[in-house]
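Since the structure comes first, as structure tokens, the remarks are kept for the end.
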Amino acid sequence: MAAYGQTQYSPTLQPAGPYTPYTHHTQGYSMPSYNIKTEDGLSHSPGQTGLLGYSNFSSTPPSQSLYSYSHTHGDPPTPGKDEGVPSRRGSDGKLRGRKRVSDPAPPLDSDIERVFIWDLDETIIIFHSLLTGTFSSRFGKDSSKAVSLGLWMEEMIFNLADSRLFFNDLEECDQVHIDDVASDDNGQDLSTYNFGSDGFQSPAGASSLCLGSGVHGGVDWMRKLAFRYRRVKEIYNTYKNNVGGLLASPKREEWLQLRREMEVLTDLWLTQALKALALINSRPNCVNVLVTTTQLIPALSKVLLYGLGSAFPIENIYSATKTGKESCFERVSQRFGRRAVYVVIGDGAEEEAVAKKKNMPFWRVSCRADLEALSHALELDYL
């Protein structure tokens, strides 16, 4: 992949601080000391770093690890706090000991200055490549172990999607965005609503009512569809920082074990992605947006199970399964406006091609070192 220099994207991307275009070298740079604690109860502590050299927006990864991590297993999250969930086939609880402060109101979409559009699979999380054997062969990992963990996560993703997120009802009624059918919702109180007996899956059924490019049905049926998406949104927002409370025992313990084993196998890939996401979220007027080719409900299940709920508000998650990524990118740019700067982060040819077409800088992630370099660039305000 050609390296995209700052000069090419100067109308689009203005770095926050001065630097030499293309490459920045830092001698003996020392990471600030802090811990990142995610909802899975794992504590991730960045360590010290030495010499770094990398090209901005280049496919050439750094040759050496940028950060060393001490990985400790913390206590599981306390049930009752918010937490997130992932998807199927294919907190905001403050850290303990800290003084609680009121969170400022999030900025309006029109006030956002920089939008980071992320791909999901093989960029933030490692999932599909575990099942295909690509990850193990590329990085010299135990292939049988990788496949086993991939199948285990796949079962958890689809179990959560089916049991709590209505995927059996919604699989053929997939939407790009959680609010796409909200206009059909009459606001009825759903606290005592019985989804199992409302006749949504009639003999004529969803297959004849949910057609390829959209959803078609009577007013009553569409309202029931909207109810399901509203409940999914409520569940996501309630448990995005406390997936353990959503899974309950013994699934909760299985999930914690799976997450730990996957982090060991992938050399803390997700930990590094979470660090970059947290750096972006800590900035005023910056936002993370997810555009994935996974169907919306399984994508939400993935996000929750991989502990990404605090990084992505549900309103910032888009499924490109039916429309393709270019259409989703267009929706995102219409939402946040032309004045915002857009940076695309991914591993695939589709998002790279769309980014180039729309003159958006593209940061390729082909290995964990690319995520480390991304975090470093964010810390130095180059992005």
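Including glycine, each Cβ sits where the backbone N, Cα and C put it.
The following features are taken from TrEMBL:
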type     : residues               : note
ACT_SITE : ASP119                 : active site, nucleophile
ACT_SITE : ASP121                 : active site, proton donor
BINDING  : ASP119, ASP121, ASP347 : Mg(2+) binding site
COMPBIAS : 1-13                   : compositional bias 'Polar residues'
COMPBIAS : 23-36                  : compositional bias 'Polar residues'
COMPBIAS : 55-71                  : compositional bias 'Polar residues'
COMPBIAS : 80-95                  : compositional bias 'Basic and acidic residues'
REGION   : 1-106                  : region 'Disordered'
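Residues within less than 8 Å, Cβ to Cβ, of ASP347 (Mg(2+) binding site) and separated from it by at least 6 positions along the same chain comprise ASP119, GLU122, THR123, ARG364, VAL365, SER366.
There are 23 other CB atoms within 10 A of the CB of the residue listed as 'active site, nucleophile', with all protein chains counted. Neighbours of ASP121 (active site, proton donor), defined as other CB atoms within 10 A of its CB across all chains, total 19. Same-chain neighbours of the Mg(2+) site beyond ASP119, ASP121, ASP347, judged by a C-beta within 8 angstroms of the site's C-beta center, are, in sequence order, LEU120, GLU122, THR123, ILE124, THR292, GLY346, GLY348, GLU351, VAL365.
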